Amino acid sequence: MLALWSISFVLLCSWRLSYAQYEHLGFAIAYQEPEQDLYTPPELPADTPRIQLRLAGEKRKHNEGRVEVFYEGEWGTVCDDDFTIHAAQVICRELGYFEAISWSPSSKYGKGEGRIWFDNVHCKGKEKSLAQCESNGIGVSDCKHSEDVGVVCSDKRIPGFKFVNTLTNNINSLNIQVEDVRIRPILASYRKRIPVTEGYVEVKDGGKWKQICDDEWTQMNSRVICGMFGFPGQKRYNTRVYKMFARRRKPSYWDYTINCTGKEAHLSSCTLGHTLSNSTCEEGTPVVVSCIPGRAFAPTPMTGYKKAFRQEQPLVRLRGGAVVGEGRVEVLKNGEWGTICDDNWNLLAATVVCRELGFGSAKEALSGGQLGQGMGPVHMNEVQCSGFEKSVTECSFNMEKDSEGCSHEEDAGVKCNVPAMGFQQRLRLSGGRNPFEGRVEVLVERNGSLVWGTVCGEGWTTMEAMVVCRQLGLGFASNAFQETWYWPGAVNADAVVMSGVRCAGTEMSLSHCLHHGEYLSCPKGGGRFAAGVSCSETAPDLVLNPQVVEQTTYLEDRPMFMLQCAYEENCLASTSSATPANSPRRLLRFSSQIHNNGQSDFRPKISRENWVWHDCHRHYHSMEVFTHYDLLSTNGTKVAEGHKASFCLEDSECDEGIEKRYECANFGEQGITVGCWDTYRHDIDCQWVDITDVKPGDYIFQIVINPNYEVAESDYTNNIVKCRCRYDGHRIWMYNCHIGGSFSAETEDTFPGLINNQVTHR
């Protein structure tokens with residue numbers, strides 16, 4: 001069997017690898033694609049009007065949109081009057097989906113054009129076509145396009161669904177409706193490559209795979225196909241070899257040709273061309289595409305595939321996404337990173353971003369800060385792209401009002417198509433109470449055979465767990481377990497096959513992390529000491545407010561006898577032990593305001609029964625190491641430090657409309673709610689750095705929150721604030737405070753120390 005990639009349609013759905021693809025990963029799995037019942041197109045009574053349906057509109061997924069109907073040579077819409085889920089069910093099934101999830105009134109997906117073909121629709125849910133439902137009559141309506149109805153269908157397609165164009169002679173703009181599409185490698189040199197970049201383009205229609213005739217096939221069509229499979233561009237290939245191959249075998253052709261403009265994010269957004277006579281391609285051969293992979297997915301002669309994915313684009317980056325190829329869009333302007341407002345944000349603009357970063361077309365254009373809110377300026381608003389720009393910065397936008405009327409609640413994001421690398425097949429979670437948790441088991445080669453085994457739990461941290469959850473497509477890590485009580489996935493899967501794992505947290509696969517080679521080291525062995533994880537679709541994102549730090553800094557000379565609590569908590573310099581009770585310590589004091597801009601609440605790692613009571617502060621502390629305060633020399637050497645070793649986490653204030661959930665008083669629950677912030681005032685214990693022994697001069701002040709990565713976040717790079725400061729022996733000036741990574745690399749280079757919160761030893 002030859003290798004293939006499969007995608008469920010209409011529009012792009014989900015990746016699934018065939019048995020043959022597993023072989024190309026270097027191993028095979030005893031898996032057979034289930035046989036599907038042959039789909040039988042419904043037979044409609046002769047008096048039923050013949051219509052075609054499609055989903056349209058902006059800011060939508062592949063399986064949702066405004067309902068549009070083609071009748072008598074014209075596309076039109078459906079009015080929302082009397083519309084119900086039963087009508088949505090009929091529409092979704094007519095489009096080849098299993099069922100309807102919901103429907104939306106009042107032109108949620110934008111206003112359509114042309115006639116309103118259906119009004120006051122009454123369906124029972126069992127009809128085979130929308131035309132069989134009761135209505136005012138086709139074309140009889142008193143509605144406006146502000147009442148256009150939309151539907152959301154299930155991702156799952158009807159097996160064997162066959163598109164039947166009953167209006168072939170009258171329609172030239174019908175969207176393509178097929179079960180699946182794939183790139184099937186033909187040449188031996190491409191059959192073992194991952195990802196598959198070259199081969200026949202085939203569609204699955206009526207349960208059978210068919211080639212497409214290259215008659216009238218264009219580079220724009222190839223551009224769309226490559227984008228769907230996660231590739232930013234296409235290239236020419238050796239046509240002579242494929243013509244020789246086609247002559248040796250008799251292809252089975254699809255009934256239609258395809259017309260794409262090159263702007264489409266998916267093949268299903270292209271339109272049908274002419275119909276082939278007798279399903280033959282007399283003057284041509286099967287369509288072949290050859291795609292160019294992005295840098296993160298391209299093999300190199302010396303190192304093979306890149307071990308970790310890093311955004312290296314100078315003008316655009318993604319932040320806050322759970323997997324490679326998704327995130328909040330940030331652009332660099334005037335040396336400072338900022339976000340894009342979601343006004344007019346659509347798939348065209350999102351696709352430009354995705355291709356610019358080395359991915360394919362966009363699966364989704366996200367709005368409303370769905371992947372967390374950014375900080376700093378909003379650089380672009382009302383972005384309009386043609387779809388062929390090299391960078392989103394080349395698109396037109398409203399230059400007069402970059403951020404006018406926009407807040408970070410409107411930050412735009414993207415989800416891009418990425419190549420299927422097969423990483424999910426080399427890892428699994430076993431024994432969990434749900435698919436999001438379990439013992440980590442990896443597939444490795446031992447003595448010429450492929451075996452499942454465990455990962456040593458010693459030294460297992462949140463960073464390794466983050467890679468596991470990303471590799472499995474399960475979001476973010478919520479817990480990393482060094483000791484587990486999960487059942488094994490198989491009787492013989494108890495042996496430790498990987499140890500010494502150390503990840504930076506950005507890798508696409510656990511095998512890309514540093515780990516012991518052939519000689520393992522796991523003193524406690526596997527079993528209950530095997531590594532485990534629990535994953536979550538969302539995560540918090542803590543961000544410090546640099547302006548608060550800059551505006552609240554001052555010096556205080558405080559006598560030692562007033563610092564007993566601080567001394568017990570080790571918040572003073574080591575020389576304080578020799579300081580007489582009446583002698584002062586010089587303290588650099590400041591306030592810090594920690595915002596949760598993520599998608600879920602920030603909660604302490606340890607359970608409340610393990611919180612520590614502090615008599616000095618009269619409340620429980622839930623995290624022993626939550627923040628590091630450091631004073632650095634201009635070359636990055638630490639000259640003083642302040643550890644507010646114990647913290648009580650609570651909601652000090654919240655954005656409008658958000659209620660506080662956490663407070664320290666009365667043994668209350670602790671944490672920071674999404675949209676709230678925890679303020680540590682300058683006048684509380686340990687909210688300082690002891691600079692008694694520091695000489696006058698120029699320094700860098702640095703704050704890092706969640707420094708040990710004890711709690712998973714969607715973005716660790718924004719957990720640091722840096723400031724320039726000048727100390728003359730009596731006064732201190734704090735200036736240029738900013739979040740790490742918020743400026744260009746050239747600017748960050750002038751601030752030694754941590755560029756972001758990625759520590760060097762990992």
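Each residue, glycine too, has its Cβ placed from N, Cα and C.
Listed in sequence order, the residues of the same chain lying 6 or more apart from D541 (Ca(2+) binding site) and placing their CB within less than 8 Å of its CB are G320, G372, N596, N597, G598, Q599, E713, S714, D715, N718. Annotation source Swiss-Prot lists Ca(2+) binding site at D541, L542, E713, D715, N718, N719.
Per Swiss-Prot, Cu cation binding site is recorded for H617, H619, H621.
Taken from Swiss-Prot, the feature disulfide bond applies to C213-C281 (among others), supported by sequence analysis. Long-range Cβ neighbours of C281 (disulfide bond) (same chain, at least 6 residues apart, Cβ-Cβ under 8 Å): C213, D214, D215, P251, Y253.
Among the features that Swiss-Prot reports, disulfide bond is placed at C226-C291 (among others), with the record citing sequence analysis. Long-range C-beta contacts of C226 (disulfide bond), restricted to its own chain and to partners at least six residues apart, with a cutoff below 8 Å, comprise P232, G233, Q234, V289, C291, I292, G360.
As annotated by Swiss-Prot, disulfide bond applies to C260-C270 (among others), with the evidence given as sequence analysis. Sequence-distant contacts of C260 (disulfide bond), defined as residues of its own chain at least six apart whose C-beta falls under 8 angstroms from its C-beta, comprise T218, M220, N221, R223, V224, L267, C270, T271.
A 10 Å cutoff on Cβ-Cβ distances gives C406 (disulfide bond) a total of 21 other Cβ atoms nearby, all chains included. For C341-C406 (among others), the entry in Swiss-Prot reads disulfide bond, with the evidence type sequence analysis.
In the three-state DSSP reading, C416 (disulfide bond) counts as strand. According to Swiss-Prot, the disulfide bond annotation covers C354-C416 (among others), on the basis of sequence analysis.
Applying an 8 A CB threshold to same-chain residues 6+ apart, the list for C385 (disulfide bond) reads L348, A349, T351, V352, V392, C395, S396. C385 (disulfide bond) falls within neither a helix nor a strand when secondary structure is assigned with DSSP, and so counts as coil. Under the heading disulfide bond, Swiss-Prot lists C385-C395 (among others), citing sequence analysis as support.
Around C535 (disulfide bond), taking its Cβ as the centre, 27 other Cβ atoms fall within 10 Å, counting all chains. Annotation comment: Swiss-Prot describes C469-C535 (among others) as disulfide bond.
Feature annotation from Swiss-Prot assigns disulfide bond to C503-C513 (among others); the stated evidence is sequence analysis.
C565 (disulfide bond) falls within a helix when secondary structure is assigned with DSSP. As annotated by Swiss-Prot, disulfide bond applies to C565-C616 (among others), with the evidence given as similarity to another entry.
Residues annotated as disulfide bond in Swiss-Prot: C571-C686 (among others). In the three-state DSSP reading, C571 (disulfide bond) counts as coil.
The feature disulfide bond is assigned by Swiss-Prot to C648-C664 (among others).
Look at Swiss-Prot and you will find C654-C676 (among others) tagged as disulfide bond, backed by similarity to another entry. Cβ neighbour count for C676 (disulfide bond) (all protein chains, 10 Å cutoff from its Cβ): 23.
Under the heading domain 'SRCR 1', Swiss-Prot lists 53-154. Residue counts for the domain 'SRCR 1' (53-154) under DSSP, split into helix (H, G, I), strand (E, B) and coil, are 16 helix, 34 strand, 52 coil.
The average per-residue pLDDT of the prediction over the domain 'SRCR 3' (316-417) is 89, rounded to a whole number. Sequence annotations record features per position, and here Swiss-Prot assigns domain 'SRCR 3' to 316-417 based on sequence analysis.
C341 (disulfide bond) has a Cβ environment of 27 other Cβ atoms inside 10 Å. Nearest Cα neighbour of C571 (disulfide bond) among the listed recorded positions (C354, C406, N447): C406. Each of the disulfide-bonded residues C513, C571, C654, C686 was scored by how many other Cβ atoms lie within 10 Å of its Cβ, and the smallest score goes to C654.
Residue density at C664 (disulfide bond): 19 other Cβ atoms are found within 10 A of its Cβ, drawing on all protein chains shown. Mapped onto three states, the DSSP output places C281 (disulfide bond) in coil. Cα of C416 (disulfide bond) to Cα of C654 (disulfide bond): a span of 32 Å.
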